[in-house]
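One structure is given below, encoded as structure tokens.
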Amino acid sequence: MARNKIALIGSGMIGGTLAHLAGLKELGDIVLFDIADGIPQGKGLDIAQSSPVEGFNANLTGASDYSAIEGADVCIVTAGVARKPGMSRDDLLGINLKVMEQVGAGIKKYAPNAFVICITNPLDAMVWALQKFSGLPKNMVVGMAGVLDSARFRLFLSQEFNVSVQDVTAFVLGGHGDTMVPLARYSTIGGIPLTDLVKMGWVTKERLEEIIQRTRDGGAEIVGLLKTGSAYYAPAASAIEMAESFLKDKKRVLPCAAHLTGQYGVKDMYVGVPTIIGAGGVERIIEVEFNKAEQEAFEKSVASVAGLCEACVAIAPSLK
Ligand code: A3D
């Protein structure tokens, strides 16, 4: 059986980390693509030279011509610019929308059967635009945000309770970052919902709220520390988990920015929801019941994503 082909569109901090992880996990042959000629070739060669040491088999190549992604099974898109201190994700919209137009055209021409994972910010609007620009089936184009947001929440909870990260599950919905909606009653420690842990006296409601706020600000905390860019190890690991679920038909239940067609009362928008990812792409969207507070938080998050999509249409009317 031929190896899978993974195309990484954007070979910056996340793109390079994606290539390294995909190699270590032997997910397939890897093509790094970037407009900055030399970077994808250099990173590809460097990672390939680690393969004899690590003992993995994968061809790694770099390119600045879209024909190199031909026939890719998975495309992971990080092309664009990342945040610097003082910038919000939304400040990136104008620049990155133009990048999505080029990337969409490249994928449409050379990898129309791929499962496409978008990471470029502002995520929920960029994945929506990328699907439209590429014309690929909506279930084959998703955004990575929920896996990262929930990983951050899981880490902070494991530290708070002094338990293994493996035993913490987190359920987050809505747009990426500032308006994400963590559902405490569906987030658990060893199956025990956080709401029960509050009743059991393990944590106060106020402390839990602080942890949730730190999760929402998780990206900004790292931007503030790095000063020259944004997070890349955890975002790359999160997208690789999604790619692996598709390539191995694992049917993982993962929160992703998925195209909604009426679920949760939302139509033709990408919003973070729990999904099942398998060989068919997004095979199912899981709809849960909200209480009043959750419904309000979700609506606020959807409204902010809708605002970003409108801003995209103002720049590129063909998206309407
Ligand atoms: P960075 O290291 O700057 O890499 C971006 C790469 O894109 C650079 O190598 C550029 O040369 C390349 N690029 C720019 N324009 C084009 C183009 N038109 N075609 C092809 N390549 C191009 O950034 P990064 O890897 O740190 O971050 C990439 C993106 O991910 C940014 O938009 C971040 O904001 C976003 N991000 C999202 C999350 C989420 O959770 C959604 C987390 C972290 C970062």
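If you go along the chain as it appears here, the first residue is 1 and each next one adds 1.
Quick reminder: no glycine exception, Cβ is built from N, Cα and C everywhere.
Among N59, N96, N162, the residue that TrEMBL places alongside G10, S11, G12, M13, I14, G15, D34, I119, T120, N121 at the NAD(+) binding site is N96. Here TrEMBL has R83, N121, R152 binding substrate, and the candidate from R89, R185 in that same listed site is R89.
Secondary structure at I119 (NAD(+) binding site), as computed by DSSP, is coil. Pairwise Cα distances among R83, R89, N121, R152, which the record gives as the binders of substrate, peak at 18 Å. Around R152 (substrate binding site), the same-chain residues at least 6 positions away in sequence with a Cβ under 8 Å from its Cβ are R214, T215, G218, A234. With a cut-off of under 6 Å between the Cβ and any atom of ligand 1, the binding-site residues G10, G12, D34, N121, R152 reduce to G10, G12, D34, N121. With the fewest other C-beta atoms within 10 Å around its C-beta, R83 stands out among the recorded positions R83, R89, H176. Taking a C-beta cut-off of under 8 angstroms and a sequence separation of 6 or more, I119 (NAD(+) binding site) has the following same-chain neighbours: G10, I14, I76, V77, T78, G143, M144, P235, A239.
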